[in-house]
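Heads up, the thing below is written out as structure tokens.
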Amino acid sequence: MIKQRTLKNIIRATGVGLHSGEKVYLTLKPAPVDTGIVFCRTDLDPVVEIPARAENVGETTMSTTLVKGDVKVDTVEHLLSAMAGLGIDNAYVELSASEVPIMDGSAGPFVFLIQSAGLQEQEAAKKFIRIKREVSVEEGDKRAVFVPFDGFKVSFEIDFDHPVFRGRTQQASVDFSSTSFVKEVSRARTFGFMRDIEYLRSQNLALGGSVENAIVVDENRVLNEDGLRYEDEFVKHKILDAIGDLYLLGNSLIGEFRGFKSGHALNNQLLRSLIADRDAWEVVTFEDARTAPISYMRPAAAV
């Protein structure tokens, strides 16, 4: 049986929020079977818990934000991407502020934290959502699609008319039956343009952003001294974001996601369209792990 998975131990980290610039303490804790990923604002009294579910997404400007009443948790996508990539079904994420720390702008530090805490299999079958037929959403020239696929695959294309992007790969497709999330995707950092930063800061966004936690691009070049981690790091980060956004379904996915210039808003719209179309998906479990199409979820393939 493919079993649900949580953390073996509690682990903590400190960082700053990308958009708020606030210092934040992060604690990842094990959680019981069928809990899902739950964000907990421990700076509030009483503590407010917000499950990482598509229907709890309230804002999608520059990041994915979970909302419950007037309480928010910003920038959940990179941590959720790491949870998805390592197959963590159940965990509590405690935060001392309203935003998940940006760390280095990728999912790599979260992968390291989760692996350091250890993975614990639980005595219940892991539930997967299997895509049964195509579901798509569009907005202008942007598009996001789910299609049936016997495994988990994410394809993405970006289209930036900019000197830094013109000579680089702007399309990537990652089939996780043959590709390691940790090695090939998790280290891709978020990116931003110098020309946008002043405006973003006037909107109280990107207040914690720097070359320490993002790829910063000016009119002609990448400003980070060390350059890029992957030749296709820009589009790989969009894949990382999409994996985090898709994990708001609450379960690992069996199917393919295709995005063209899609962002957090359209990704969430796609999840809501899928959930509403009950004939387009089903929940499945695997009594025999050998029959499962997703191998990267198993502990040996997680590293």
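Quick reminder: no glycine exception, Cβ is built from N, Cα and C everywhere.
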Check your understanding: Which one of H19, H78 goes with H237, D241 at the Zn(2+) site, as Swiss-Prot has it?
Key -> H78
Practice item. Using C-alpha positions only, work out which of the binding-site residues H78, H237, D241 is nearest to H264 (active site, proton donor). Key: D241
Check your understanding: Around D241 (Zn(2+) binding site), how many other C-beta atoms are within 10 angstroms of its C-beta?
Key -> 25
Review point. Setting H78, H237, D241 aside, what same-chain residues sit with their Cβ within 8 Å of the center of the Cβ atoms that define the Zn(2+) site, listed in sequence order?
Key: E77, S81, G105, S106, A107, A188, R189, T190, K238, I239, L240, G244
Review point. Does H78 (Zn(2+) binding site) have same-chain partners at least 6 apart in sequence with Cβ under 8 Å from its own Cβ, and which are they?
Key: V100, I102, M103, G105, S106, A107, F110, T190, L240, D241, G244
Check your understanding: Cβ distance under 8 Å to H237 (Zn(2+) binding site), same chain, sequence separation 6 or more: which residues?
Key -> S106, A188, R189, T190, F191
